[in-house]
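Peer 1: Pasting in a structure now, in structure tokens, and then I'll have a few things to ask.
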């Protein structure tokens, strides 16, 4: 059943009155309303706010929470409807409620004549302002929607998903509604008066008259309560509430209304996250470094060889200082002593805040005599005496806080560059002393040999060391892991080191170097193609200094300590056996 009302508008009492204007043509607007007859449905009722009834105007009404159930084209049609004039676009708008389940339905067509008035210029073609006197239409959705129609679903405010999460507004009083017992939707109308103090904010009825959607969004944001953190609901109450969209204007759907709900409150005093798994074990290295820099280091080096092999010069070149005995205590005439004299001199060297107490031990007269029998004994006695001194400091009841370390850490043995092989004196000395000290053999004045002679000479010395069982530093048995083994193998291949010493500086290609200048060129001491002094310096100072000290303390000194304690215990046992037991006194 279809009813048509043409040329009239429904008033507040339910009657239709005809609108006419002689000044302009009448525009006809049609609304198709589908009425569904349900046996349990209740007639729609109008609830007016009693607090606002006195100031209600006949032309100010608002449909609250109109959900656009269609997709983007429907929203664009509504947006264009609010922005265009009646002459430019007159389309058919269908207002419908939730779809009923009964197949039998009635369609009521309500036609409203809208009088058009020209503003400011009657002859100009432009947008015209028009007003709806009464636009109260409640309908239902047709079974088959047209593709060009805009469907507006009217639901209860309590069924909206957004309204269920929002508290009641503070500015607009809450509309008292009775609980719904059936599935039929109820229409709730709130009539809002136009505020006198804010003329720029239009009423809900004026949103259909104004072509600009900005006041609609401002009024919508005023009427809506302030967003608060949402309370999640497990199940929606109705299908229409889950599919509801913002109503009236398309830009309201594009603007996020509850942006404040998505943004979490930022903490002002937020601190950086703390790694609770960090313990701080790596700080022990810094602690050891500070302690070592306060205490300093000690390094004792001995040089052994015949006179004139450049022992003092090489020591000065190693540390780039005048630290040798001859440099510190020069003598006008120095004769070869009849017996080997052990002379040592100590220097305090500081570099980049690191202090080191360096002791250089010289052995003048070694191998300079005709009869060199047992010439190694004074040197071995000196080394053992330093071990004994350190041992006595350890066994004392009241030990010192820090025992002075005078033990010989390394012994540089100078081999003359004969080009043949090791002498019997060299073999005997290194065989005996390799068990009590770290021996590093070097070829003195290697610049007197050609490159081919140097290679053959080194091969012969290596063969002699292996045949006589002489173990020089770095020893294979003291390699801790594969990494140390790889590094030490490179040094073992270079033994004995062919070195050249010089304490004179020269300018070569704008660079200062240590070397020896001859008629045919300059020998650079630190150039690895000229000699192997740089490798010797790395072994003694830059890479293996601490390892040399550790082997001296844990291997050589421990062997001497065990031997001395065994001798002391055996001597004490022999003394106790010789004594007769005495009778105890009363």
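Just so you know, glycine gets a Cβ as well, placed from its N, Cα and C.
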Peer 1: From the ranges 440-443, 444-447, 448-451, pick the one that Swiss-Prot records as region 'G4 motif'.
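Peer 2: That would be 444-447, per the region 'G4 motif' entry in Swiss-Prot.
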Peer 1: Between residue 278 (phosphotyrosine) and residue 311 (GTP binding site), what C-alpha distance do you get in Å?
Peer 2: 52
Peer 1: At a 10 Å cut-off from the C-beta of residue 365 (GTP binding site), count the other C-beta atoms across all protein chains.
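Peer 2: Other Cβ atoms found within 10 Å: 19.
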Peer 1: What does the DSSP secondary structure composition of the region 'G1 motif' (305-312) look like, as residue counts for helix, strand and coil?
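Peer 2: Split by secondary structure, the region 'G1 motif' (305-312) comes out as 2 helix, 0 strand, 6 coil.
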Peer 1: Would you count the other CB atoms within 10 A of the CB of residue 453 (GTP binding site), including those on all shown protein chains?
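Peer 2: Within a 10 Å radius of the Cβ of residue 453 (GTP binding site) lie 13 other Cβ atoms.
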Peer 1: How would DSSP class residue 278 (phosphotyrosine) in three states?
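Peer 2: The three-state answer is coil.
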Peer 1: Please list, for the region 'G4 motif' (444-447), how many residues fall into helix, strand and coil according to DSSP.
Peer 2: 2 helix, 0 strand, 2 coil
